[in-house]
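What Swiss-Prot records for 1-20 is region 'SNAG domain', and it gives similarity to another entry as the kind of evidence. What Swiss-Prot lists as region 'Disordered' is 81-117. Under the heading zinc finger, Swiss-Prot lists 129-151, 160-182, 186-208, 214-236, 242-265.
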Amino acid sequence: MPRSFLVKKHFNASKKPNYSELDTHTVIISPYLYESYPIPVIPKPEILTSGAYSPITVWTSSAAPLHSPLPSGLSPLTGYSSSLGRVSPPPSSDTSSKDHSGSESPISDEEERLQPKLSDPHAIEAEKFQCNLCNKTYSTFSGLAKHKQLHCDAQSRKSFSCKYCDKEYVSLGALKMHIRTHTLPCVCKICGKAFSRPWLLQGHIRTHTGEKPFSCPHCNRAFADRSNLRAHLQTHSDVKKYQCKNCSKTFSRMSLLHKHEESGCCVAH
C-alpha cells in the first residue's frame, strides 16, 4: 500500500510520538490536519544529492546593485537599511571639504543663543552692577546695595530734614524718632502731660500712683524709675562716676558735682 494513502490517526500535540512503531522516523507536522486530505511524506535529506544545493554566495559591495527596483507607488527612503535599521547618510562632499578647510560648521539659532559670549569683554562688563552716584561697579546686586548703604560718600550726604526744626538725619527711622519729640504722642490721662516715649509716660504715671518697684539692695530706698536706681547705686560704690577736677572728690550724680563746684571747691595745698 502506498504511504500517501495511510489512514490518518488523531494527533495529540502534548504526547510525544513513539518512533519505534513508525515505519520512518520522519514526523510531518502540517497546519492543515484534516481527515479528508492525505498528508504527503517528505523524503529523507540523505537522498538529496550535493548538486541540489546552491553554492554559497558571498555578499560584497561590488556585487550590490546601485539601484534596487522598488514597487510602483513607493519612493526610496534615504538613510535606512532593511536589516540594520536606520543608518545616517554619509556627509556630503561640500560639508567635509568645509570641515577640513578650517571654516566653522553652521550653528542653529538656539545653540547660538545658549552659547556664552565669553569673547566679548563689553558684554561681561555690562553684567556688572554700577553705582549711579560714584560709578563703582560690583559683580552682585547685594554688594552694590551694601555699598550704597554704608560706604558710598555721596549716599552718606543724603539726609532727611525735620519739618518742625532745622535738624537733619541720615536714616528715616532716626527722623521719625525725633519727630516724636515735637508731636509728643504719649499723653498722661491724669494730668495731661505729654511724652515722646511710652516708657517715659509709664514712669510719670508712677508719680501719681506712688508705685516704686525698683528698690535698692543696700538700703531701704525705692524708686519709680530704673535710671534713678542706677544713679543711687553709685552712692554705695567706692568709685563714683563723676569726679571733681580740683579736689578729686567723686559724686554719684552730675547734679551733685555741679553743686559742689558752685559752692566753692577748696583746693588742697
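Backbone N, Cα and C atoms are what each Cβ position is placed from, and that goes for glycine too.
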Restricting to the same chain and to residues at least six past its boundaries, which positions have a Cβ under 8 Å from a Cβ of the zinc finger (242-265)?
231-235
Mind looking up the mean pLDDT for the zinc finger (242-265) in the predicted model?
83
Give the residue counts of the zinc finger (160-182) per reduced DSSP state, in the order helix, strand, coil.
11 helix, 4 strand, 8 coil
